[in-house]
Each structure stands twice: as structure tokens, then as C-alpha cells.
Amino acid sequence: MNDYKNTLNLPKTQFSMRANLSQKEPKILKNWYDNNLYKLIRQKKEGKKIFFLHDGPPYANGNIHIGHAVNKILKDIIIKSKNMSGFDAPYIPSWDCHGLPIEQKVEEQMGLKSNNIITTIFQKKCRKYAEKQIKKQKKDFIRLGVIGDWENAHLTMDFKNEANIIKTLSKIIEKKYLYKESKPIHWCLKCYSSLSDAEIEHFDKESDSIFVAIKSKNNKILKEVLNLNISSEKDIYLPIWTTTPWTLPSSQAITVNPIFEYQIIETKKYNLILAKELVKNVMKILEINHWNILSSFKGKILEGKKFLHPFLENISLPVILGDHVNLDSGTGAVHTAPDHGPDDYIVSQKYKIKTMNLVDFKGNYINNIHPKLNGVNIFQANEIIINLLIKKDCLLHHNILKHSYPHCWRHKTPVIFRATEQWFINIDQKKLRYKTLEEIKKVSWIPKWGGSRIEEMIKKRPDWCVSRQRKWGVPMCLFLHKKTGKIHPENTLLIKKIIKKVELEGIEAWWKINLKEMLGETYNMYNQTFDILDVWFESGNTHTVIKYKNKKYSKNHADMFLEGSDQHRGWFMSSLIISMLVKNQSPYSEVLTHGFVVDKNGQKMSKSIGNTISPNEVVKTLGGDILRLWVASSNYSNDISISNEILKRSSDIYRRIRNTARFMLANINDFNPQKNTVLKENMVLLDRWAISQAKIVQEEIIEFYKKYNFHAIIKRLMYFCSIEMGSFYLDIIKDRQYTLKTNSQERRSCQTAIYYIINALVRWIAPILSFTADEIWNHLPGKHAQYVFTEEWFNKLFDLDKNDLFNREFWKNLIEMKNEINKFLETEIKNKNINNSLEACLILYVTPEVKKTLNILGEELKFIFLTSKVKIELYNTAPINSTKSKKISNFKIFLKKIKEKKCPRCWHYNIFIENNNDKICTRCILNTKGNGEKRFFI
């Protein structure tokens, strides 16, 4: 038997079937960085329109987690797709370097608290620690395939950046937005520092829930005011409800709502003043079934009336009025401690009630409050206070309530509101809040709800507390008058001098300042403040300093910010406020947010649960491209699920794309684009369709990239690779590619189409499957750029002429017909009427119009349906036992088993020449010894 293998153009390629990504990717990375790929991209894009995605700085502490990977990969996909779309899209990575977590790590390493270490020495240790963490994280980010200007990353601890943060603060001071005040702010008892809203997380907590009866100071006067004609000798009480009994020592008033209706309720033991709408609920909680209504009145009547503190002697609590009192729960009256609540503080200011500062920075009561409370920690005080209330016979009810409570984002411990003297930015000064809300409307928010979310946050947010009582951070650089506490009148000029020092020495310069040299003769009249700025102020200022890296990127604002959905109250907000303060405009045109990574059950990743997946482990086992594909396949606008099963599905998708590329590469192994490319007008019709289909897909994919709809790209790619190419085009062209003459125009036409398509395909996947795209690029024949990443979308694809007989509509109908025939043949094979489609002689019954069109294709029609013979007949001549199509009207199919012999070379059942020593069909003789088979259509 003759071996015809050597007469066939069988596919060959060194592009392996097995990806071995974990082994190949490090080598690819080395090549990128040995050749400074990022610089090559920038050189190629010089002069193009800038697209600047401003990198939100991750914190320089610990290993990267899966959320970091999602964030960096999404950014990298966008940057690469923008470069591919004709933009100059740089990527300058950022890091947030100051802050408490680094302080704590350094304290652990040194075995000392920062207070016991010389500040400048401690800061240098923190700087070294941050550098080490950045080096580690940078390596991991690069391993993900993220291309950027890693050697010139933006670090908040760079001396110039530290100086610029001080410069920004100086501008804010000049505009009179900064003020100092003692007011309640979130305070962490572990950090010993104030916290911003962005540093707060809410978790469930069990708290003591108590109803306390607060006795009227003068029953007689109160009865007169309320026109109460009753003989009852019972005292009148104004009950309050609280879940923070420890705040009662700081209580200075009781607030009621002026417009609510209140009633005096007589019970067996007390006369209670309650909001009318809450009476039934309170009685139910107190388990009181019988009561009488003695009087009704508006809350405003109670203003100024005095009640006695429930357990502190000789302290009266006046009734004040406040709109914040609601009917959601409680009694309609709120005990008011301006030290421990923003609403309490605001309402107290109207009545000139000042804070008392009874709780120190560790959460302990100061002395001289009550003998049983002196020096006691507030969280141990609840039991003591409840016992005091019981002894005073004013505890109406006590139970344990589970509710959402603010916690420190670092320590995961409950925080408190504590009145301390801090520096604030006035959000309402010069209509800043209003202007910011207006600016939000000009930004494109993706998803759209992001705009509504930050808008609500801006509406409700308090003034920004920007001061912190720590050491590793940018100092506020203020000189305060010892008597008045006012900022030095020449502080702006002084800050300019300090900025120059910080640019040379870093923040450490502030702690080295000689006051006499700096202030001259007035030095002994001023104190140097050592408060540092909130780290959110630092990261929120990063958009103002990118220009130092490259002046051409210093446009008015970034094109995009992209972070997790928690950053609406974090970096998005701090950046927005600072930009409004300094430039009176938003720092971004677009803001894109992604969800959090959760496990397959929707649970948040947690070490304690044991459901975490490390990006480094995924990269080591499956490769960076699988992780990138998982990110791109996910609908990132919601929470993103990950598990080994989900990653396996990503691997399956990857395999389909890789195998499609491999098949294409294998079939152009002998193709020289400079010599063998066939012009459009000379191409086989099917090849023209394939190129036009690729053009349509490219247009769709470009639009998906433009809209950041990456999972739609993967879905479209899969359909293109599996159906339009795999099940249709690439399956059909095998016969022409393998059996025709090597250098025939028909075969080179097919190779031209494949070459064009894979040139487009490699660009489509480059932003997502970057390592694989690079590998494909290096296996493409002909001359081309060194890297796909310097290129733009492939521009040699073309469309079909819509006026042509064989236009898109023709191919759409033909593919529908093929799909129906495929189902028919599958049934025939299943019923064992034939072994495979090449044993079939198909007779198709169609309308006269369709018959006329299909007959133009002649003998080539069989290659579309992968059969050895096809006949076209009129629909009305179809035999009774023919199969009617369910999808296509006026279309029937009939099958006859082929009578001809099978050709051992092409496997078609064909005509043979008698006494043919070659034992192959006439078509194969023509292709091996003759001038070759002619193809025009398929």
C-alpha cells in the first residue's frame, strides 16, 4: 500500500499544544525586561493622543492577594487595549508607603514602641521596611504580565512626593479650608489615633441595650408647664435608650424632637414621657400591659426643662431640641454626650454645650468622674454603670443587642467616637460640597451606580479630619502660637522653606528643624506641631504629582481611576476632594469599579475560613495567562467568584483559543507573506468570507474593549474560535489546504486568509492573554515588529461587497443550511446508515432561486458540507421519505450512500481511472501530477 503522506501539505508547527505556561512565562518576562519593552511601546506611541490611567496606590505591606491581582490585571488589559487602539497609554505604578500598619511591623521588629525610639531613626526603619515590601510586591505584579514603568513607580514616600503633599496642604491652608477643633471623631483604642470614614469597617457586635428613666429635677414646675392637673405623686421621668452605657458619664443634655407629639404615660411605678408613636413599642419592651395617657404635647414645650443625671450627683441635664431624633427606635428622647457622637456634638453647639473629654486616648476614664469609674476602660465600664443604674432604681430594661458597629479596618476592633482636638477640612467652606456634587455629574461612572453612591457619601459626609497622632507619615508642618493656638501668620513662607528641606531629606527634615533658625526671635512663642496627615490625604494627592514623572502626562485630570468598589469612600473621594480644593475640578474623567473576590459560594475570602486562593500559587501551577483569563471572563462589576473549578473552566477556554491559534500557525508554516500573499480579487470566495467575518469580530471586540466589557470579548472569542472557525471555516479548508498543490493559488489564498486572521486574533488576545500572544507573535511567518504590544489593530481585514451575489446574506443562509445538514448527517451516522459524512451523496431539495445560486458553486458545494457528492433538485420533486428542515422553509434533504470508492489520499469517494497504478482518485492525480485542481468558491 502506497503512503501518500509525503504528497500532502500536512500542518507543522513548533508552537506546542501544551502551554506549559508556568515554565514559559518567566522566560517571556525576562525577554520583555531585557529589551525594555515598556520603553519600546512608549517610543512607538510617541505623539499619539494620551490616555492616562492613574494607578491607585496599593499599600506597601505584605504579599499581594487575589484582589490585588484582579485590580492590576484589569488595569493592564485596559492599558494594552488603549495602546492597541492608537493611544499613548502609559502605566506608572503607585504605592502608598506611610501609615500605621508599617509602624506596627517596625515596632514588632524592633521590640519597641515608636514612642521609645528617636523619631527620625524610627522613620528610616519604616522607609526601609516599605522599600522591601515594594520590591516584593513589584516582582509579583510583574509576574502577572503587567507591563509598566516599574523603575519609575510613584511612591508616596519619595522625597519630592512628600514635599508635594505638604505643598498641597499649604494651598488648602491659604484658601482657609483648614481649622482646628475638639469634636467627636472615630478613635481606635489600638491605634491611639483618629480614623477617617474610609478607615472604618462595619461588623456585627453584641452590645448592652438599656432603657434608662431620667428623673425630672422639679416635678411641680414641669406639671405647670404641661398644664398637668393630676394628683399623682409619682415623679415624671424622661426615658432614653442607648447601646453605649459607657457614654452616660459624658451626658450633658437630653434631646427631643420639637415637632413630635409626646405623651405622659402613667404606669404602676412611673410617669414616663414618651413619643406618642413609640409608646406601644416601649410598653411591649418593658412588658407593661396597662397604662394611662395623662397628657399630650409637642416636644418643643420641654426645651430648657431640667432632669437629673441618673447616677452622677449634682448634675442637671437640660432638654434641648434636635431634628436628628427619629421614631425608628427608642423613646423619642436621646441622651446627649457631645464627646461621643457627631449629632450630639452638632446639637450641643447650638446650646453652647462644650465637650468634657472624660475618656483618654487609651479609652480609660479620667479621674474624678465617679469613684467606681476612675481609670476604668470604657468597654469594662458597662457592667459597673448598669449596676449603678439598678441601685438608683432607674434601669427600665436591659438586654443584649446584636447590631452593626464600626470597627478599625486594621485591627478589626470596635472604635468609639471621642472628642479630641484635631485638624479638619471644612467641606462646606466656599460651597465646596455643592461644587463637588456638581462635578460628580460630569464624570462617567462604570457601573453607573458608582456616581449615585459617591454622591450620597459626599452629601452626608462630615468635615474631613486630616490629622493623625502617629510618626510614619507626612507632617502637617504647622507652627502654632502657644497662647492662642493660631497658625503662624507667615506659615506659607515657612512651609516653602520646609518643602525645600523635605525634597532633600524627606519627612525626617521636619523633626530636625531648629525652631530658632526657622522662626528667629519669635521662636519661643510658637510650638511645632507633630501631627501627621491622614494617609488618605497622601494617596488622594497622588494625581497632582504624576507630572514630576513625565510632564506630558500632567494634563488637568486623569482619563481613568480604577479600583475596588470600597474606594468610593476611600481613594475616589479623597482624590476628588483634594482636586476640588486645589484645582476646582474632578481629578478623573472616568471611574471604573470592580467587586470583591469571593469563593464559589459567594463568601468573602478569609484566612480563618480557609477559602483564600493566592495569585502566586495560581501563577505557579496554571500560569499568569489563566489568571488573566479568569479576570477577563468575570463580570467584574459584581463580586467575582474564584475556585479551583472556576479556574479549570478558564483553562478549558484557554485551551480552545490556543488550539485554534496552533492549527492556524501549523497551516501557514510554509507561507511567506512577502511572496505568497494572494490579492483579495484573486482569493477563493470562502477565504474572503473568513476575512470579512474576522473584520466583523474585530469591530465588535474593539467596541467591547472601548466599553471595558471584557467578559463579552471572551464570549465572542470562544464563538469565533469554536464555531465560526473550528466548526466551519477551518474544518472546510482542510481538504484544500492538505490536498491541493503546495504553491497553488487556491492553497495560498487559504493561507493568506489564515495569516490575516491570526494576525488579527493575536492582537485581540494580547491585552488579556499577553504571554500567549507574545508566543504566537514569535511563531508568525514573515517580517514583523519585535513585539505585538507596540502594534495596533490589524488593518488588512476587509468586508464583502453587499451588492455581490455571494454577500453576507448568502453566507448566512449557507451556514444555516450547513447546520441543518450537519444534524441530518449526525442522525444518519447514529442510525448506522453511513459511517461518516464522506460516504454521503446528498440530494438537496430547494426553491428555484436557491437552486440557481447553489448550482453556481457546482462541484465545490460538496466541500462545504464535507460530503463526497451533492445534488441540487427542486423542492416539489422531493420524495416522501426525504427529511424536511424544521428551521429553513422549502428545504428537504435526502441521502444516498455513495457508490464510488474511497481515495486513500483525500478520503473522498470519487471517480478513479481504470488501471491507475497510483490507486488514487482523478482529483488527487491532478493535484499530484497534473496542473492542480481549480477552486473559485470553497
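Heads up, the Cβ atoms here are built off N, Cα and C, so glycines get one too.
Same-chain residues lying 6+ beyond the ends of the motif ''HIGH' region' (58-68) with a Cβ under 8 Å from its Cβ atoms: 94-97, 99, 101-102, 105, 130, 133-134, 136-137, 140-141, 155, 564, 596-597, 605, 612-616, 642. Annotation comment: Swiss-Prot describes 58-68 as motif ''HIGH' region'.
Residues or ranges marked as L-isoleucyl-5'-AMP binding site in Swiss-Prot (evidence: sequence analysis): GLU563. Within the same chain, residues at least six positions away from GLU563 (L-isoleucyl-5'-AMP binding site) with a Cβ under 8 Å of its Cβ are GLY56, ASN71, GLY570, TRP571, PHE572, THR593, HIS594.
Taken from Swiss-Prot, the feature motif ''KMSKS' region' covers 604-608. Beyond the ends of the motif ''KMSKS' region' (604-608), by six or more residues, the same chain brings 65-67, 596-598 to within a C-beta distance below 8 angstroms of the stretch.
Taken from Swiss-Prot, the feature ATP binding site applies to LYS607, supported by sequence analysis. In three-state terms derived from DSSP, LYS607 (ATP binding site) belongs to neither a helical nor a strand segment and is classed as coil.
CYS924 (Zn(2+) binding site) has a Cβ environment of 25 other Cβ atoms inside 10 Å. Under the three-state DSSP scheme, CYS924 (Zn(2+) binding site) falls in the helix class. The Zn(2+) binding site feature in Swiss-Prot is assigned to CYS903, CYS906, CYS921, CYS924; the stated evidence is sequence analysis.
Sequence-distant contacts (6 or more apart, same chain, Cβ under 8 Å) of CYS906 (Zn(2+) binding site) comprise ASP735, TYR738, THR739, ILE920, CYS921, ARG923, CYS924.
Taken residue by residue with DSSP, GLU563 (L-isoleucyl-5'-AMP binding site) is part of a strand. Other residues of the chain with a Cβ within 8 Å of the Cβ centroid of CYS903, CYS906, CYS921, CYS924, the Zn(2+) site, are THR739, PRO904, ARG905, TRP907, HIS908, ASN910, ILE920, THR922, ARG923, ILE925.
On the backbone, the CA of CYS903 (Zn(2+) binding site) and the CA of LYS607 (ATP binding site) stand 64 Å apart. Of all the binding-site residues listed here (LYS607, CYS903, CYS921), it is LYS607 whose C-beta has the fewest other C-beta atoms within 10 angstroms. Averaged across the motif ''HIGH' region' (58-68), pLDDT for the predicted model comes to 93.
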